[in-house]
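Mind looking over this structure? Questions follow.
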Amino acid sequence: MAKLVLKGNNLSKLIKMSVHREKIDLAKLPHHYDGPVTLAVIGGTGLYDLPNLHPVARLTISTSWGFPSGSITISKTDSGFPVAFLARHGAHHDLLPSDVPSRANIAALKKLGVKAIIAFSAVGSLQQEIKPRDFVLPTQIIDRTKGIRPSTFFEKGFVAHAMFGEPFDLKLNKLISDAIPSKGFLEGFDTDGTPVLHTKENTNNGEDLTIICMEGPQFSTRAESRLYRSWGGSVINMSVLPEAKLAREAEIAYQMICMSTDYDSWNESEEPVTVETVVGNLKANSANACKLAAKLIDEFAAKGGEIGKDLQGSMKYAVSTSPHGVKKELLEKMHFLFPGYWEV
C-alpha cells in the first residue's frame, strides 16, 4: 500500500473510530451453539463484525493448534440461516499479519462444520484501473511470505500434499460473481460505468486477477511494487496466505474478497496517501463489505448447498506417509480435523 502522511494523528485510533458501530454486548451471548454452521466470514481490516445479522452465540474454541484470533460469533439471518464470523486480526486488531494463528482459525471453523469461507481483506492496488474503494475477486496468488507463518496442518512424520493450482474455490467464486449486479449494488462507481467489483469475467477479459501476499508488516518498496506489477499482480496484501492453503487442507471452499484502500507505492503520479484518505476509504469499504456480505450470505443459503462437497475426502488420499508409520499423537492431532480418516 502507498506511503502515508500522518498529519499528527494516530492511524490505528482513526481506523477504529472510522469503523465504530453501536454493538450488542456479545459477552452476554450463550457460549455454545447446537447444530452445524456451513458458512463462515473472516473479517479483515475495517470489517470486525456483521451488523446486518442477529448474533446468537459467542464461542471460544480450543483446537489442536491453539486458540483462534478471538471468539467466533454465530449469527443468523432473518430467515434463520447461521453464519460464523471471525475477525482475523482480533477484535481490537492487535495481531500482526505474521502472528495471526491461521491454523487455529481454520481448524476452529472446520470444527463448527464450515464448508465454505468468504474472507475479506484490505489491499493495495497494483493496477491503475483498480481504484481505491473498488472490490476485487482474485483468482490466483503469488506467495511472497518468508516462511515465518506455519502453512500446513501436517508435519514431520505425517506428510501430505494438497492440490493448490486453483487457490480459490471456482464454485464459490462463481456464486459471488453471479450474485452481484454489474452496476448499482455498491457505492463508488465511476461515471464511465466501471464495476466496483472486479472479476475475471467482467473487467479482466478472462485473465486471472492475481493477489500478491507479502510478509509485512512494512509495506513494499517502490522497486518491489513495480516488480509485482511486471509479474501481472493485481492487488497486494499480507493476509491471504497461509489462510487459503490451510482452508484447502481442511477441505473448506475458500474465496477472498479484496477491498482496495489505495494504490501501492509503484504509482509516483499519485499524491502521498493521507490518513484521512485511508480512513475514508476504509469506512466506505466497510459499509460496502457489510452490504456485500449480507447479499452473499443469502445467496449461499439459497444456492450454496453443493459448494465444498467436491473437496470432501480429498486429503485422505493426499497423504504420502503410511498411516501405520505415523505416531499415535500425530494421528490424534489430525483427528480434530479429519475424524474417521485414519485409525487412531
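Each Cβ is built from the backbone N, Cα and C atoms, and glycine gets one as well.
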Name the one residue among Thr38, Thr45, Thr321 that Swiss-Prot lists for the same phosphate site as Arg88, His89, Ser121, Ala122, Ser239.
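The record-listed residue among the candidates is Thr45.
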Count the other Cβ atoms sitting within 10 Å of the Cβ of Asp264 (substrate binding site), across every protein chain shown.
27
Compute the mean position of the Cβ atoms of Thr45, Arg88, His89, Ser121, Ala122, Ser239, which form the recorded phosphate site, and then list in sequence order the other residues of that chain whose Cβ is within 8 Å of it.
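Checked against the 8 Å cutoff, the neighbours are Gly43, Gly44, Gly46, Pro97, Phe120, Asn237, Met238.
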Do you know offhand how many angstrom separate Asp264 (substrate binding site) and Ser220 (site 'Important for substrate specificity') by C-alpha?
8
Pick out which of the recorded positions Ser121, Ser220 has the most other Cβ atoms within 10 Å of its own Cβ.
Ser121
What's the CA to CA span in angstrom from Ala122 (phosphate binding site) over to Met238 (substrate binding site)?
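With the alpha carbons as reference points, the distance is 9 Å.
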Consider each pair of residues in Met238, Asp262, Tyr263, Asp264, all listed by the record as binding substrate, and report the largest Cα separation in Å as a whole number.
15
